[in-house]
Amino acid sequence: MIYPTQYDVIVIGGGHAGTEACLAAARMGCKTLLLTHNIETLGQMSCNPAIGGIGKSHLVKEIDALGGAMALATDKGGIQFRILNSRKGPAVRATRAQADRALYKAAVREILENQPNLDIFQQAADDLVVEGERVTGVTTQMGVTFKAPTVVLTAGTFLGGKIHIGMENHSGGRAGDPPSIALASRLRELPLRVDRLKTGTPPRIDARSVNFDGLEKQWGEEKTPVMSYMGSLADHPEQTCCWITHTNAQTHDFIRSGFDRSPMFTGVIEGVGPRYCPSIEDKVNRFADKDSHQIFIEPEGLKTHELYPNGISTSLPFDVQMAFVRSIKGFENAHITRPGYAIEYDFFDPRDLKYSFETKHIEGLFFAGQINGTTGYEEAGAQGLLAGLNAALKAQGKEAWCPRRDEAYIGVLADDLISMGTREPYRMFTSRAEYRLLLREDNADMRLTEKGRELGLVDDARWQAFCKKREAIELETQRMRTTWIQPNSAEANALAAKMPAELAREYSLLDLLKRPELTYDDLGSLKGEAVSDPQVAEQVEINTKYAGYINRQTDDIERMRQHENTVIPVEFDYMSVEGLSNELKQKLSEARPETLSRASRIPGVTPAAVSLILIYLKKRGLLKNKAALA
């Protein structure tokens, strides 16, 4: 049957990508349907119970700045918050939250169920309705067809999913959930490049069987941060600690003894695993000279005894898992509640996508999350939001939008995937961003919330809070610029102990704030009243101390933007460009970059090659300055 309601956007999958996608489309006023195989697993954390980390928290903050749910749910479910790289510069500082799985999932579901314009339906999607070269709907397992001009597919690890524990394997989307076999087969019929990837998870351990005596405790920050710009400490549940232990030589011997029954080493698993989150057997094999590897013991929640031993992801046989786990300090009598496993799944080459995350070959079909070759909740959520908002824009007949690399980590993520593709699960790092001093986690709202409001993603409450904060930053900066400290004054004497020399002349508070030895806390209330909002104070301090570097990066960006919007026609013949190597001709013909700027980021494409293409475009009268993402 055909369902009577006509939707604008249909989202398949209720994980981290799917939830952000459907919420974004609904916030923008589109009639949206979320199809999930099980409503009880909406927002489920399939692997580690944590949100954020280096590079990842930047994505979470950007999702939040655009009105998304991930940061809000993290504040509701976070049971430990830490600031990583706290002693380094603001560009690489990152917030990481340990989360209670149940509380996080409940927070996501509450947001979904209270979102206007959003319907949820429990049923697996088996087929896409494609008419000509455009998608027009989705057919479910029981034969119900839902119609919509745009569909966002966020299938996670479910497409052709296969779970491995030792030499045993079975079909599954994750432990306890069936895979999407029919939909995977249907997608393989489409003109899209497909391959296999692999990820894994560690065995879970009953805390009652662990000896915590002698294990190092790891507590959160004394001044607990919030993840969302709209969050507050009052949102946080009870805070708890984690622990640290290590593998040892005996652990490694047990692991090596299972190599002959490892699906990874025997060739049973064909998919490539994540480079930056390797299994314990991979670490022992690759780093044979290391005597031990660190393990973070993380609680799964406040009302469960299960622990997540971060660092020992494995697909070794269960008897080997038991042996090596019990060789680890604190785990001598450990009871494993769930075995570790690896899962292989289909992913599709992201180079077959536009920057809106719409497929190049099937109009109206968008991909987001692990289907695009990424790993991580945060990467999935960022893609989901971008795909969802662009599906909504397409349904509304509007031009697509994608932030540039100098505007957001979401833009870096999209550009990396679509211009270069990936052969292994892609994760975000701050090192991937050329302009990371501008793309800090602390200023994501200053960078993106205004655009989010323009797109219809940001509600009145968030917009008012943003405007109030922005005005407060401007006012406090101006106050400090016009407040002066005289030499030998009481204020100058109060600073003397922190300065290498006495003031020789009059200085404004803003000038003094530029000095590395002084902070906003030292100066804010020195003369007048300091701001009470720590986020405002942080922005004033960072913008002042790093002004020179920020201005330099801004100038670099302006130079790069000269060719940012120089369009390369879709039918452009690279083979005709004299001077380009055959290798570059082949790469460019395959990648089909939409602009000169994006062509320049393809590996091997030099500035000289970009110049040759530009000259060719000028000679043929093909120069255009508006990049059409839609």
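Glycine is no exception: its Cβ is also placed from the backbone N, Cα and C atoms.
Given the structure is predicted, the values throughout are model-derived calculations rather than measurements.
Taken verbatim from Swiss-Prot:
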BINDING   Gly13, Gly14, Gly15, His16, Ala17, Gly18  FAD binding site
BINDING   273-287  NAD(+) binding site
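Listed in sequence order, the residues of the same chain lying 6 or more apart from Phe287 (NAD(+) binding site) and placing their CB within less than 8 Å of its CB are His293.
Here the binding-site residues are Ser279, Asn285, and the one ringed by the most other CB atoms within 10 angstroms is Ser279. Annotation for Gly15 (FAD binding site): spatial neighbours Gly43, Gln44, Ser46, Thr154, Gly156, Gly369, Ala380, criterion Cβ-Cβ under 8 Å with sequence separation of six or more.
A sphere of 10 angstroms centred on the C-beta of His16 (FAD binding site) encloses 32 other C-beta atoms. With a cut-off of 8 Å between CB atoms and residues at least 6 apart in sequence, the same chain places Lys290, His293 near Lys283 (NAD(+) binding site), listed in sequence order. Cα to Cα, Ser279 (NAD(+) binding site) and Gly14 (FAD binding site) are separated by 27 Å. Sequence-distant neighbours of Arg275 (NAD(+) binding site) (same chain, 6+ residues apart, CB-CB distance under 8 A): Glu424, Pro425. If you take the C-beta of Gly18 (FAD binding site) and look for same-chain residues 6 or more apart in sequence within under 8 angstroms, you find Val11, Ile12, Leu34, Thr36, Val152, Thr154, Ala368, Gly369, Gly384. Of the chain residues outside the FAD site list Gly13, Gly14, Gly15, His16, Ala17, Gly18, Val11, Thr19, Glu20, Ala21, Thr36, Thr154, Gly156, Gly369, Ala380, Gly384 have their Cβ within 8 Å of the site's Cβ mean position. All protein chains included, Glu281 (NAD(+) binding site) registers 25 other Cβ atoms within 10 Å of its own Cβ.
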